[in-house]
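The feature active site, proton donor is assigned by TrEMBL to 268. What TrEMBL records for 347, 375 is active site, proton acceptor. Summarising the annotation, TrEMBL assigns domain 'Glycosyl hydrolase family 67 catalytic' to 114-424. According to TrEMBL, the feature domain 'Glycosyl hydrolase family 67 C-terminal' maps to 425-645.
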Ligand code: GCU
């Protein structure tokens with residue numbers, strides 16, 4: 001698309017296919033999508049594409065006789081310089097095509113292979129926190145750092161959906177198959193997407209459909225009142241049930257392959273079943289029943305906590321909330337209700353333990369929610385590749401042998417980091433988070449570093465691989481070093497969440513405290529003397545987190561309040577660790593910037609300039625973080641830096 005960054009699908013990646021002869025067998029919308037790709041590639045590079053049997057280098061075949069249930073998988077075979085992709089479902093063919101694109105020349109050359117690929121997770125979804133009308137505080141995209149919305153502009157659906165099609169193509173190429181098109185905080189204009197404005201959603205769904213992506217909608221639990229004029233939204237009220245059934249029937253008429261609803265209820269001021277003395281299972285099952293005849297799913301978010309906390313009250317712990325609210329309801333959710341759980345117990349901090357809810361509800365389908373949009377990880381002004389963090393989360397085993405990636409039976413979801421910015425994600429290197437999410441959702445145990453290399457190779461070409469990898473691979477840990485230490489979290493500016501403010505939330509109602517005083521820092525979440533949160537884990541992890549001696553360093557302040565002189569497993573005291581990591585973090589940013597500068601001439605100049613500009617801000621901000629955090633702890637503790645560096 002003109003004027004828009006090609007991201008990981010620059011023309012060149014289609015050369016190996018575009019110079020060859022392809023035979024494409026099968027029919028239907030997605031086969032036509034693949035055909036369109038092949039025609040474009042061959043027009044550019046001189047190859048040929050035929051839909052009839054004949055000689056070929058690449059055979060793409062939709063064959064529903066070979067494994068009728070396997071709609072998304074495909075078999076890829078290579079030998080004698082030729083390749084074959086066979087799929088029993090159209091999505092599988094689309095994914096098989098992009099698999100061949102990713103392989104490049106290797107798709108045809110090299111040792112003979114025959115492999116079957118299929119996604120480990122059925123639902124691989126992006127949630128857009130996009131508002132239809134510009135919100136006075138949150139703007140067009142809540143927590144969006146890449147311009148406006150791809151879908152909505154100033155109260156209306158965009159008329160030109162070419163950009164949405166280009167987006168759908170990028171998503172399909174990394175395996176995403178579902179998109180929720182509006183914010184989980186459903187305001188007035190957005191509520192109406194469910195009813196009289198459903199045609200606008202249908203237009204988006206029409207574009208996404210061609211890329212194998214189903215469209216989902218965030219709805220307000222109060223819809224029967226605000227849209228239907230009923231006196232109640234009580235989930236057990238027969239009239240309310242009829243209202244949802246009728247509304248959902250109309251949605252389905254407009255969008256036959258509608259994916260379902262996303263609901264944020266009784267959370268940060270959104271309406272929910274608590275108002276009627278009903279449970280969250282009652283609430284979710286109401287919508288599940290309405291969606292059931294059409295094969296839709298309700299994604300019910302577990303982000304329920306008290307945001308009117310009193311900091312003087314040491315018995316309430318926000319980290320406990322999701323587990324306390326939802327585990328008693330295990331087994332009560334309908335089969336097409338999915339409980340969508342944030343990966344950590346708080347809110348997408350740079351370091352959190354895995355939510356103890358994951359693995360604790362065996363009778364409930366859970367989806368795990370990640371945040372691609374970098375709300376707390378540098379807001380797409382800082383380079384922060386989240387692959388290693390997500391990979392750690394997905395490989396974490398609440399019980400031995402059951403990693404999170406397998407427990408997420410209801411899907412993997414990420415909050416999108418995309419907007420109408422020409423680079424899609426503001427920071428061009430943040431595109432890697434989108435790509436990595438798609439690839440990890442396909443295979444949660446995939447090697448994140450391999451995915452990064454794949455992304456760099458496609459986006460920048462082989463010459464840039466080592467340089468870009470050096471800039472990105474460690475960027476999450478670097479970010480962690482210069483921000484909130486040892487798992488304690490937050491310490492951000494309230495409201496917008498960018499930049500340091502150690503006590504910004506310390507006496508606020510949001511429940512995100514660090515309890516630093518002159519003697520020590522951290523939150524005692526042990527069973528023995530703290531909030532008891534550590535006891536929400538199964539035996540294995542409950543024991544690990546319970547004591548200072550066994551708790552891993554990187555989560556120490558999440559679970560324990562310790563003196564500044566406490567010696568970590570690394571051999572350093574807590575306060576010296578804080579000083580050292582903050583100096584190191586800034587040095588690492590400076591080094592990454594230097595490495596980026598060295599890539600001038602190897603990387604496309606416009607992209608290079610955008611990243612270089614962001615690095616200026618990252619370095620400024622990292623210094624600010626370093627100085628504020630170090631000064632804060634120096635002044636609190638009075639302990640000087642062992643190395644005598646400047647602490648203000
Ligand atoms: C965070 C974020 C909010 C968002 C909320 C959610 O708290 O700051 O903007 O609405 O998460 O996930 O619902």
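Cβ coordinates come from backbone N, Cα and C, glycine included.
Annotated features taken from TrEMBL, shown on the structure.
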residue : record                       : CB count, 10 Å
268     : active site, proton donor    : 12
347     : active site, proton acceptor : 19
375     : active site, proton acceptor : 23
Rounded to the nearest angstrom, how far is the Cα of residue 268 (active site, proton donor) from the Cα of residue 347 (active site, proton acceptor)? 12
Cα separation, residue 375 (active site, proton acceptor) to residue 268 (active site, proton donor) (Å, whole number): 17
State the three-class DSSP label for residue 268 (active site, proton donor), counting H, G and I as helix, E and B as strand, and everything else as coil. coil
